[in-house]
Amino acid sequence: MNALIAVQNNAVDSGQDYSGFTLIPSAQSPRLLELTFTEQTTKQFLEQVAEWPVQALEYKSFLRFRVGKILDDLCANQLQPLLLKPLLNRAEGALLINAVGIDDVAQADEMVKLATAVAHLIGRSNFDAMSGQYYARFVVKNVDNSDSYLRQPHRVMELHNDGTYVEEITDYVLMMKIDEQNMQGGNSLLLHLDDWEHLDHYFRHPLARRPMRFAAPPSKNVSKDVFHPVFDVDQQGRPVMRYIDQFVQPKDFEEGVWLSELSDAIETSKGILSVPVPVGKFLLINNLFWLHGRDRFTPHPDLRRELMRQRGYFAYATHHYQTHQ
């Protein structure tokens, strides 16, 4: 298992009262905050959105914002700014979100509604070509024959950014645990760029800004290659990344060696967090300066984990990738 970084004081005022939810620092890192909706908020939200099945959210995209407004109204309109503030804050940028009373696979549709509401308070989730919807649900089992590491249980899924092989801006990534059976291990792995001890070395390398080709396997349903550098800067000139080791295609020896060394430097970082995510909870991270992955599982013939993801853009910020949008 990867090492945890030391717990430090967090800027969040744990004594502040919020309406409908709590917000506290996590045990893993001062950069990761835990937001929990109260049982009453959860119950009222599900009652007020019950008239819309998930299919309605799929077909009518404006309803995704409607359910977001319902959730924010239940939280006295404190929720939206308190989601955006840490997500746009370089010192934080990550939330672990939970709703009391949503914790069973039988509530999978309710989980999708909740995650959709949260995501559409900060921006809009992009079309996911793998699923054909604005979200994707997928299952990890003990045996896998797919064409990427996404569903392979017995190895580490290396740290990466999402949205590397599409042209849409991918500011945020949301990853929700829908089901888990006969499961040991498989924690989420996170690395904040500013906690990566080799950032300066690789960010200043001549290849850091060279556009490289990114190509996805057939399961992603994306046939067009995209070109962009591994590193870029935000509006304030700070490093951001668009990187995944599986899909970047080096054109020559120089690029291949550099990418291999970069991968090793990321995977061996002492700043990696190992974060358990129970059923019903989800991580929401700033994709520009957080890398994410997954630790390996302990083998079991009936192992099963179901996940849901959404990824999209912030509607309230302009500091995307500055040179290669």
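Don't overthink the numbers, they just go from 1 along the chain as shown.
In case you wondered, yes, glycine gets a Cβ from its N, Cα and C as well.
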If Swiss-Prot gives HIS160, ASP162 as binding Fe cation, which of HIS228, HIS292 does it give for that site as well?
HIS292
Given the recorded Fe cation site (HIS160, ASP162, HIS292), which additional residues of the same chain have their Cβ within 8 Å of the Cβ centre, ordered by sequence?
LEU159, ASN161, VAL173, ILE244, ASN287, LEU291, GLY293
For HIS160 (Fe cation binding site), which residues of its chain lie six or more apart in sequence with Cβ-Cβ distance below 8 Å?
TYR243, ILE244, ASP245, GLN246, LEU291, HIS292, GLY293
Compile a sequence-ordered list of residues in the same chain as ASP162 (Fe cation binding site), six or more apart from it, whose Cβ lies below 8 A from its Cβ; state 'none' when nothing qualifies.
THR170, VAL173, ILE244, ASN287, HIS292, ARG309, ARG311
